[in-house]
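Report on the following structure.
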Ligand SMILES: Cc1cc2nc3c(=O)[nH]c(=O)nc-3n(C[C@H](O)[C@H](O)[C@H](O)COP(=O)(O)OP(=O)(O)OC[C@H]3O[C@@H](n4cnc5c(N)ncnc54)[C@H](O)[C@@H]3O)c2cc1C
């Protein structure tokens, strides 16, 4: 290790939006790409590396063993405009929402449906963040990653990132040595809004009446809806949607509709159906219900909150109870959305 000041104290607290107690055994704060060789040198002989942006999608254990990297490198630069596309490089440590605001301010439209999602730019491709009918993969050209084992930079084209609903190759254990350093976005110069999601569909009606809808209007609407629907983690600790919305075939969906005519769902382009996990959890009577310090949010049944003093084990116990009830009532398995280390 060439520069000991990269290390913060051993067993230092790792802040996370769920406010779970967590101490990192050894923590490295990555502030610049120039620090990457020193980082590889430091982790070379260590088996476990945890990469963390802002810990808004993590259910952390009391002690995070091994090596932890907090990704904090910053920078945004317009690379070029060609073929009707704007290419912009954004460093992994940039705050996602700040980048969305910055892009909108420059007239680089497209990201407005993804406003106010907590977290960093580097974590956005990991679970292919999505909201209001848009997933981030749509705007990704390529990703620069630092291979911690080989101490090498490489560039991955969007097609090699295996993007799917809340998933990518970066979630696989075998890729845990790939640190996302920056993301190259490809934003269309000729912008078209995405308004198919129920909460935004009134804009689509207005558009068909000949009204022009701006990216700023879509951004404002998304921010407003999110503020009303989702608890702010700085006030009520949470990690966003705790369960993925399960995707089922049309056949399975028709079966479920027969026994649950009010089933809330969203038809995908593939013909499959995405079921509203929050609705199913609500039907099982969990909305607003607390077990010890873990409470299902009273307005959004998909969100588990820490009312004070909860640990990783408390949260996972409640998650298991909820998924057991949903399985018993609907025959559908729920999958946890946040990443859970040492569970
Ligand atoms: C209130 C709330 C609302 C949310 N709403 C949404 C939503 O609408 N849509 C949605 O998709 N998500 C949502 N989330 C989840 C979360 O915002 C996203 O998953 C976000 O991308 C996490 O960013 P982060 O920097 O906090 O990542 P972290 O929680 O720190 O890490 C998440 C994962 O990414 C990995 N990772 C982080 N940085 C890097 C890097 N540089 N290189 C490689 N791997 C890395 C980590 O190892 C981990 O596996 C919400 C969360 C909260 C708390």
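Here the Cβ of each residue, glycine as well, is placed from N, Cα and C on the backbone.
Taken verbatim from TrEMBL:
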ACT_SITE  166  active site
ACT_SITE  241  active site, proton donor
ACT_SITE  337  active site
DOMAIN    20-190  domain 'FAD-binding PCMH-type'
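Other Cβ atoms within 10 Å of the Cβ of residue 166 (active site), summed over all protein chains shown, number 18. Annotation for residue 241 (active site, proton donor): spatial neighbours 277, 278, 302, 303, 337, criterion Cβ-Cβ under 8 Å with sequence separation of six or more.
When pLDDT values are averaged over the domain 'FAD-binding PCMH-type' (20-190), the model yields 95. In the three-state DSSP assignment, the secondary structure recorded for residue 337 (active site) is coil.
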